[in-house]
Amino acid sequence: MTILNHTLGFPRVGLRRELKKAQESYWAGNSTREELLTVGRELRARHWDQQKQAGIDLLPVGDFAWYDHVLTTSLLLGNVPPRHQNKDGSVDIDTLFRIGRGRAPTGEPAAAAEMTKWFNTNYHYMVPEFVKGQQFKLTWTQLLEEVDEALALSHNVKPVLLGPVTYLWLGKVKGEQFDRLSLLNDILPVYQQVLAELAKRGIEWVQIDEPALVLELPQAWLDAYKPAYDALQGQVKLLLTTYFEGVTPNLDTITALPVQGLHVDLVHGKDNVVELHKRLPSDWLLSAGLINGRNVWRADLTEKYAQIKDIVGKRDLWVASSCSLLHSPIDLSVETRLDAEVKSWFAFALQKCHELALLRDALNSGDTAALAEWSAPIQARRHSTRVHNPAVEKRLAAITAQDSQRANVYEVRAEAQRARFKLPAWPTTTIGSFPQTTEIRTLRLDFKKGNLDANNYRTGIAEHIKQAIVEQERLGLDVLVHGEAERNDMVEYFGEHLDGFVFTQNGWVQSYGSRCVKPPIVIGDISRPAPITVEWAKYAQSLTDKPVKGMLTGPVTILCWSFPREDVSRETIAKQIALALRDEVADLEAAGIGIIQIDEPALREGLPLRRSDWDAYLQWGVEAFRINAAVAKDDTQIHTHMCYCEFNDIMDSIAALDADVITIETSRSDMELLESFEEFDYPNEIGPGVYDIHSPNVPSVEWIEALLKKAAKRIPAERLWVNPDCGLKTRGWPETRAALANMVQAAQNLRRG
């Protein structure tokens, strides 16, 4: 029983973000479709070869996507919303781009499909749309073409296909409501056709991804798996693939399926591999996801070996990444600015392939010397002073319940804040950032590259802050912001100023489409060596008599949008960040800043996949926010901003944050989101977003007034604020001025009654 290895997928974008550049060039009309397709072919060939050279036995094919793999599956099945279809009914790459981004070099623009988080990762997928009576047919043969490409290059190919039940689970019904699971029998013939085509090509194994099997699914959905896979059996061997959590709760459903193998995530799941082995059919292959596909840390291969060795020789076994390596940067070797010690702690996608090769060889031979050598830096890290800060650990241990309580309840605080700020009814503000012009970005880049000295940089930033204050005063806003000209990214900026973080040069991972992010890496205990935002907030406040908000990114969001440590809990990291930012709140307050906003857009997306695990997460997530904010005096007003499409299921926790004001994204839902706050009888103040900042469209005064009147039917007017949905960083100044002018006018009209 020779053990093989494989990956579940590989990063698509290229080491230098070649795919992103090719996409954006094509969208802008600066290159041809054939040039774009050539870049895709070159990247696929390179990535297969890189994995092979690193020692991978079975190469994933079908993991590449021009925008998103769920969208690729929609096209495969012929699921193209009518508004995005070509007039002749054909499907091409521009069809795909119109669904993903609302426009393409050809065809008519139309509203893009909804985008949402892929399970609990920072990757986004395009939500499939389903209508009653929908027809499906094999339409987009990208998978088959890429399999042909890989076979022509003499690779050992394992196609990757998103499974039918998970595909339906991820979608939404449009128009007349019906049970989307009823479409299962309509999409299965397309899956059968695809598997038949793969069998014709001599494919032995197909990786069929069903990550929905790690969720607490309704019984009807669990029951759907057996008939679905009864219909798919027989043409090729199926590796039923799960990830991001364990499978034990749904194992009875899984073991009844006519598949030939199962992949389990042994990093993020709590499954015991020996117990799994006992419960799986004896002729099934087990693919053990031992190498973390969604973090950047070098694996302790001696530990991984010990985890799996007891079942070696007892069944067919593969070793694998826990999930697709899509969520990891590509290659650590090109990082030249990380010092040797820190660099030795990491493994990016290519290094993870090497780890799988080392693990496979050791399991086949019994010789673990190479594993011990690889794991040595991990042992050294456990005692590094760069990881452990006794002062931080001592402070964390000393936290009491009092540290997460404001001095008085909201009603007492609100009175003190009204006396201090004397704001009018319907107070107007913005969420924080103003347009990041080419001039601002160039200023920051020149300073970062050393082409601009600190004095000239500070003078430039000060000028942009001054301009933002002048613009806001001219518009008549009531509570101002400094505009965040000095910030490149709301998480990276804080990470750069906190001890315990490091940054990469090329650690890009795909977020969606052509958007890539470069998350900070938490390497050790987190502390704040000096004030971060105080200087610019204080300067902005000196320019006006109106209150200027201090702007902080909250602890849970910084955690969720970074690569976290694996040697301590997420709760520990969040509370360390909270303590560091608590000092920032105190310093802002001492500098005369009376309104402080702590953004937590990631609070909801950090929820565990299983609802039964939510309470524990929400408890420490809320506590981290409160530790951050509770140092504020009664007359300091704490704001928070959140952008979710769903509040109902976490309203208790949102109220428990005890922010004086919460601003939320509501314009696209026509204020429907306020239902949650109305039903809950939310006690504090709310700023429902009155226009969508993701659109360049300028809302009319009448439209904003109508939205606010609608809001006032749900929430008492004396507790309502007036603000956009989100920050204005990506907008231009002309539409920003026009939209804010109309927003202020609408508020003034309402004050006059």
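Heads up, the Cβ atoms here are built off N, Cα and C, so glycines get one too.
Some features that Swiss-Prot has for this protein:
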ACT_SITE  HIS694  active site, proton donor
BINDING   ARG17, GLU18, LEU19, LYS20, LYS117, ARG515, CYS516, TRP561, GLU605  5-methyltetrahydropteroyltri-L-glutamate binding site
BINDING   ILE431, GLY432, SER433, GLU484, ASP599  L-methionine binding site
BINDING   ILE431, GLY432, SER433, GLU484, ASP599  L-homocysteine binding site
BINDING   HIS641, CYS643, GLU665, CYS726  Zn(2+) binding site
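Around CYS726 (Zn(2+) binding site), taking its Cβ as the centre, 25 other Cβ atoms fall within 10 Å, counting all chains. When the recorded positions ARG17, LYS117, ILE431, SER433, ASP599, HIS694 are screened for a C-alpha within 10 angstroms of the C-alpha of HIS641 (Zn(2+) binding site), the residues that qualify, in sequence order, are ILE431, ASP599. Cβ neighbours within 10 Å of GLU484 (L-methionine binding site), excluding its own Cβ and spanning all shown chains: 23. Rounded to a whole value, the Cα-Cα separation of SER433 (L-methionine binding site) and CYS643 (Zn(2+) binding site) is 15 Å. Within 10 Å of its Cβ, the residue among the binding-site residues ASP599, GLU605, GLU665 with the fewest other Cβ atoms is GLU605. Of all the recorded positions in the record (ILE431, ASP599, CYS643, GLU665, HIS694), the one with the smallest CA separation from GLU605 (5-methyltetrahydropteroyltri-L-glutamate binding site) is CYS643. Across the structure, CYS726 (Zn(2+) binding site) and ILE431 (L-methionine binding site) are spaced 6 Å apart at their Cα atoms.
When the alpha carbons of LEU19 (5-methyltetrahydropteroyltri-L-glutamate binding site) and CYS643 (Zn(2+) binding site) are compared, the span between them is 29 angstrom. Secondary structure from DSSP puts LEU19 (5-methyltetrahydropteroyltri-L-glutamate binding site) in a helix. Ranked by how many other Cβ atoms sit within 10 Å of their Cβ, the recorded positions ARG17, HIS694 place HIS694 at the bottom. Cα spacing between GLU665 (Zn(2+) binding site) and ILE431 (L-methionine binding site): 10 Å, rounded to the nearest whole number. In sequence order, the recorded positions near GLY432 (L-methionine binding site) (Cα within 10 Å of its Cα) amount to none of ARG17, LYS117, CYS516, HIS694. The L-methionine site in the record is lined by ILE431, GLY432, SER433, GLU484, ASP599, and its two most distant CA atoms lie 14 Å apart.
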